[in-house]
Amino acid sequence: MRGEDSDLCFDCLDQRINSDFSDQIVFSYGVSDSPLPFGSSAVVKVSDSSEEFSASCSSCESTSSQFILEYLRKDEHGCLAKYVDKFVVKDREGNSNDAVESDECLDCSTSGSQATEDDDTENITCGSVTCEHSGSFSCWRTVAALLPIAQIRKCSASELQKLASSFHYECPEDQILASLHRLIDGKSSGQATHSFLCLLLGLPLLEEKSKLRCLRHPNLSPVLGLLTSSDCLVSVLPKAPYTLENILYYSPSAIKSEWHRNFIIYQLLSALAHLHGLKVSHGDIRPSNILLSDSLWSWLTIYSKPDLGSVDANSSASRRRWCVEGCYSYGLYADLKISSHLDWQTHFDKWWKGELSNFEYLLVLNKLAGRRWGDHTFHPVMPWVIDFSKKPENDSDSGWRDLRKSKWRLAKGDEQLDFTYSTFEFPHHVSDECLSELAVCSYKARRLPLSVLRKAVRSVYEPNEYPSDMQRLYDWTPDECIPEFYCDPRIFCSLHPSMSDLAVPPWASSPDEFIRLHRDALESPHVSSLIHHWIDITFGYKMSGHAAITAKNVMLSSSEPTVPRSVGRRQLFFRPHPVRLGFSREKEQSRNELEMHTFHGFGVDNKRSVILLADEYLEETEEASAFSDHATHLCPKYHLRENLVESPLHVSYSENTKKVNTSLPGTSKNKGLSSRISLNYLLEHMEVRDEASTELQELLQWRQDFCTGNISKDIAGDIFSIGCVLAELYLMKPLFNSVSLATYLEGGDLPELIKELPPPTQVIVEACIEQDWRRRPSAKSLLDSPYFSATVRSAHLFAAPLQLLAKGQTRLCYAASFAKQGVLKVMGTFVAEMCAVYCLPLVTTPLSEDECELAYVLLKEFTKSLTPMAVQRLVLPSIQKILLTTGYSHLKVSLLQDSFVRELWNQIGKRVYLEMIHPLVISNLYNSPDKISASAASVLLIGSSEELGAPVTVHQTILPLISYFGKGICTDGIDVLVRIGRLLGVNFIVKQMLPLLEHVVCFCIDLSSMKKPEPVHSWCSLALSDCLITLDGLVALISDELLIHELTKGRLCLHVRVLMQKNLELRVLQFAATSLMSICQRIGQEMTALHVLPQLKELFDEFAFSEKSTDASDSLSWKIRTAEQKFHPESPIKSRMDLVLLLYPSFASLLGMEKLRQGCPTWLLLEQYLLKHHNWKWEYTGRSSRYNMEARPVLKQGPASKHTPKVLLNGSGRSVPQSQGLRNSNHLKLHIHVPVEGQEAVLNPLVHEPWSWFPSPVTCWDGLDIGRFGNPKDENRWKIRASVLSSARAHHGALRSLVVSEDECTVFTSGIDPGFKGSVQKWELASLSCVSSYHAHEEVVNDIGILSSTGKVASCDGTIHVWNSQTGKLISLFSESPSDQDQASSDPSSKNNSNPCNRHASHGLSSGIFDENLYTCMHYLEYMDQLIVGTGFGALRFIDLARGQKLELWGGEAIESGFTSLVSALCSGGSQTKHGDGASVSPSWIAAGFSSGQCRLFDLRENGFISSWRAHDGYVTKLVAPESHLLVSSSLDKTLRIWDLRKSWTPQPFVVKGHNDGVSGFSIWGKDVISISRNNIGIFSLAKSQDEEEQQQQRIIPQKLYMAEKGGRVKSDLSTICVLPFSRLFIVGAHDGHLRICC
């Protein structure tokens, strides 16, 4: 740790950076270990407007332009300074100091510089008499090994910008990864690759006498450069987003598991093994020095201390010597007594005794909470102690701010905070930050650059909007104060001419006086007697638990606790903070002392100390001591020495140095040393075999056997620090504090906390912190210990190369090539999942064609290698981003191929595909999509429609595409609709598609006749065009007989209805006329005259009588035009009257003039008009007239396709459908699909088509959706008609349970069969027929569940049968024995589980369960592949399905009578919950309902009991968790109840009544809940239960189910219900054994 005396104040540091680098380098904030704004490091932003730099930033993993500059005084870093000066001299002599560009230059003769032939780096030393480096590891050689990529440059802005550009664009370690990629591909690789792999594997170099390779270990922070000035060196490092300290303080859940903890430690040990191999100790390992990336990859920092070899390292230079002369900040903080060398306990004791001011103590607390000076997002916070209403006086409460309440509470009021807490989704009173960036920048507005104000406050700078005086500033914000208002008068003075100075209160004459009075107020007796309350609210126990609720201080919690955070609120204390000694108001009043005197200085008033009673003083002392002992975690210790002044370059030899091999240490457990590391060698090291958890005995044997005596005391100190960090990762608090460390060193007594560690971790930690440093293991020995599993080693070896500073393309090549060689399969699914976070971000960046192929390979390999849940959580978000890209993307087209999608289906199932991918496939067919992407998407949709089934296809493909009519749907989108019609058959076209299209046409016609804005009318015309094109394509597929039948249904021909409209665009009318003639020619002369011509009479009459209004000049122009050019029916018409020219001559040719004149009374007027304007005259020649307007569509000629869409989709190639024509704004060409070769042009209707029972959804479809602009994914509420579409007799007795497969094509039912035995039947919904049965049950089956996409089914009849639904063979059988009940007593949730059960707690749904040892219900945990089953004695049994064995038993629920009740319902929270990206998350809790009406909540992750409450007055029939915080329950007490678990673990329900009988079950679709009671169904909305909090009840209106065809009611009682969300259907089972499909 750098001493404060060698630090700059942040003002001087800012000025120094500006002086060295100009204003192109923006100072963000300083970095310091001190509570005061002094330090030698700063976070800066490097600005560069060059296009190359901007483009490079976008292609790099880290797009941030922030870097850390650390100033190192040359007189404190002598070795490093001489090393740098050597290359500065060489640079002057003409030698290049650019970064290396080839493997052959990667040696330690230069720090990234090419060596000259006469360099003798083996014997180079720095020349310092005190330098202890010697031998093969010389001082300069060690520096080069630690800084292999650092470029040495002059200190200037341009050089720093070059370093930044090199980091983002040139990527100095790209060559190493490229060489490794060549090795994986079986090509020749350089020596650097071998050296790098030896570095990771811990192997010695092949030639020990060769020059040491200059390679950075991936877990050491990269020093990009060393910039030199006259007196300083400036090291340049990329800024890491987090430190381990950040994670432990603000987002501990980001370290998700024990594996992640061990992985972090393994990385640190790997870096230490490299350092120790160089005979270098780190010396300062602590969480704040461990940097983490977004993916939690670790970097260990180096070079943060002066070295021992410098002549002035031990001299004490004053702070004034390095700051500028007359530094203002030095005067501000000169009298403060705090120091970074003192721990919290010392500062607390000084403050409590009055030796430290309130201001100083609060600064210490800010530092402990992680707050940073100058960082506007996380600035130190101070309390407002006065309200500025008047000048405060010590003898009055007037003018003082109430420190017992938060500023947020004072500003908002209790009523508003109570409302916020009770109504918001995440209950809270206050924000998650007591001092926002907006408030800080507003406070400091006079001193900050305008660019900062525009970014943080408002983009448009308005100086008058900023508070002008302190009173307004205080009233304006609910945030707390900043330290500057207590110490720095400059904050009032404006640097901006347009903004006035901040006015001080009237009782202060100047800013200086205000600062003095404000500071005095902070130190006054009034504040000293109350400041502990503010500490409790801001840093203490009132931040959580019941105390936070009482104080109205519940903070807004993070919605994603597993996401790493670098800022947040840290709770320092967990019990009330003691009042300052002598300032207790209660004791002051009890003693009846004199009124308070004015407080002088920072000490305690002598008069007050005299009158303190001895017992009261002792009581306060004991209270403070107990508080201090309880907060020892604020004094962490990670080292055995207090003052660490040695350099990391300090040589660390053991007593047996001469006996130690100076090369990098090898390992005894390596699988042999290969003379050449090959791909097979790497795969062998990465292979993960099935292994059990670490055995404690094996670890104990390792500790006894590991080699000792080859490490130095300094290196052993690093191992001690590693042990402390490992323990803290598990304990979430430091292992040692100052007291416990002293006790341990003195007597060897280990801290009590160590007993809380898992036994294997405890063994490792005890070995690392061994009191005798000679007995501590080396880093290499720890890496090879059995503590680290093969999964950790494999993941590190695979991921480490990806952390090199290489280009995204190179990293992608490495990952894809390695994955293609089978590394993911070799590593196993778990390691592949852990490594996905390092690989998948590479595929979502802009890629070239070649890179797209690599990205496709990588996605495909991860899809095959990961578990379904992992694919859903990790791979699908990347696929979603790719499918959402606009324009052409080679990768997107690849992902839309059938081979990939089917593989995805097999992994994640169709339900997840339909939720997360299918809507994005459809989105590629509208809004001017790329033609190739649209073609690929259309082929995919066509081929998937048959497998998805008619109901899903209609609701998830056809309706969304129709909703895009008029909104930019492309030709391929319409082609999808037509080809799906061809694929699913003529009955599907007639029954499903034609009614939908008719609905669209009628809706558009009705809308066009209304007075609407122009965009609406324009949309109507576009939608009609799309609809008519689709209609024509479908009509071409049906027979003439069916076509005539559709025309003779009594409905007006749609085309004629369109032609009758006067508000539609002419191109729509022209297309309708052309289409109508095509239909007429198909049905023939007689049918046209019989059915079509009468409907045209009104239209012809309109044309005849409107001819007189035609303008004469217009007629003349028409005559001239028609005389010069013959009119063609495809030529765009100019007016509505031109339809006469399209229709009348064509009908004359088709019907003959005589029949036409008979059907058209106004024939004379029309023929006169045609003769006059178009020179048309009927001439009978036995054939058609010379102006025969034949409207038959011209079929697109070309080679016929040899494959049906199904074959096209299933192929491995990337076939796309041929275009069926183009549409544009001026001309609409009719699209009729050419029949596939070998098939008939028209489809013949089948008698027994699949899904024949499925009705048209048009009756449930809201036409208004068509005109609404928005995402069709945002569906409206389901309109349930309570109509039975089809039914079948499934069982002889009652149908007890049913479950539907995720593709909604198969349903399993269980019920009572003859002999009161149970059976399970498998039904295909397409034909509504039973295809197989399972009859191995001896009792009635009460519950069934589909376990996975592999076809396994579990069924419960008191025992659990797991069987294969394809073969019907039993896989596993599980049952409970009486002896198993004794296990439940060990469950943490059970107090007494040995009581007899209630054998009569059964009801109609569970008849047959009379034995307490029988299983009653079950719930599948997909994430864990486990089954939770309830028992008759109220316990929960876990079953591992993969291993086929029973796991733990959680105890049952005891009721007042001493009996237990059976478990009647189970569910888990989280498994159905989705992230914002749609990915499922693992369940975090389990809810169990009981026959007694009780409900219990269990913590699934911690294996503990959470809560229990009386949920119902009767048997709980079902539990469902629609969201992570919601629980819905039903009961035989006739109610359903909704429980919001966020507000309390014993929540108040939202009660839903209305049923007259017990609710036997329910099912949820979206926000709608469909419940069943007897023979009634009831519907209510979850949205109302959340939006209308004041309404405590919602009533259900029961409905009867009606038979769709017969119209009669369903009289049988309903027993179970299941919703088919994608099909918009639901299925009910009844006591009469029937299975009924309803809508």
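Each residue, glycine too, has its Cβ placed from N, Cα and C.
On a predicted model such as this, the values are computed, not experimentally measured, just so you know.
Feature annotation from Swiss-Prot assigns compositional bias 'Low complexity' to 1377-1398.
The DSSP breakdown of the domain 'Protein kinase 1' (206-294) into helical (H, G, I), extended (E, B) and coil residues amounts to 33 helix, 19 strand, 37 coil. What Swiss-Prot lists as domain 'Protein kinase 1' is 206-294, and the listing cites sequence analysis.
Per-residue confidence over the domain 'BEACH' (336-608) averages out at a pLDDT of 88. Residues or ranges marked as domain 'BEACH' by Swiss-Prot: 336-608.
According to Swiss-Prot, the domain 'Protein kinase 2' annotation covers 715-788.
If you look up Swiss-Prot, you'll see 1377-1399 marked as region 'Disordered'.
What Swiss-Prot lists as repeat 'WD 1' is 1290-1333, and the listing cites sequence analysis.
Look at Swiss-Prot and you will find 1336-1373 tagged as repeat 'WD 2'.
Summarising the annotation, Swiss-Prot assigns repeat 'WD 3' to 1465-1499 and lists sequence analysis as the type of evidence.
Per Swiss-Prot, repeat 'WD 4' is recorded for 1511-1549.
Residues 911, 914, 949, 951-952, 955-956, 1253, 1255, 1257, 1260, 1278, 1280-1300, 1304, 1307, 1309, 1311-1312, 1323, 1325, 1328, 1405, 1560-1566, 1570-1577, 1600-1603 of the same chain lie 6+ residues outside the repeat 'WD 5' (1609-1639) yet bring a C-beta within less than 8 angstroms of a C-beta in it. Look at Swiss-Prot and you will find 1609-1639 tagged as repeat 'WD 5'.
Cβ atoms under 8 Å from those of the repeat 'WD 1' (1290-1333) belong to residues 909-912, 948-952, 1248, 1250-1251, 1253, 1339-1346, 1349, 1353, 1355, 1357, 1365, 1368, 1405, 1408, 1615-1616, 1618, 1620, 1622-1623, 1627, 1629-1635, 1637 of the same chain, restricted to positions at least 6 beyond its ends. Same-chain residues lying 6+ beyond the ends of the repeat 'WD 2' (1336-1373) with a Cβ under 8 Å from its Cβ atoms: 868, 906, 909, 1296-1299, 1301-1302, 1308-1312, 1316-1320, 1322, 1405-1409, 1411, 1414-1420, 1422, 1425, 1427, 1429, 1439, 1441, 1444. In terms of DSSP helix, strand and coil, the domain 'Protein kinase 2' (715-788) has 50 helix, 1 strand, 23 coil.
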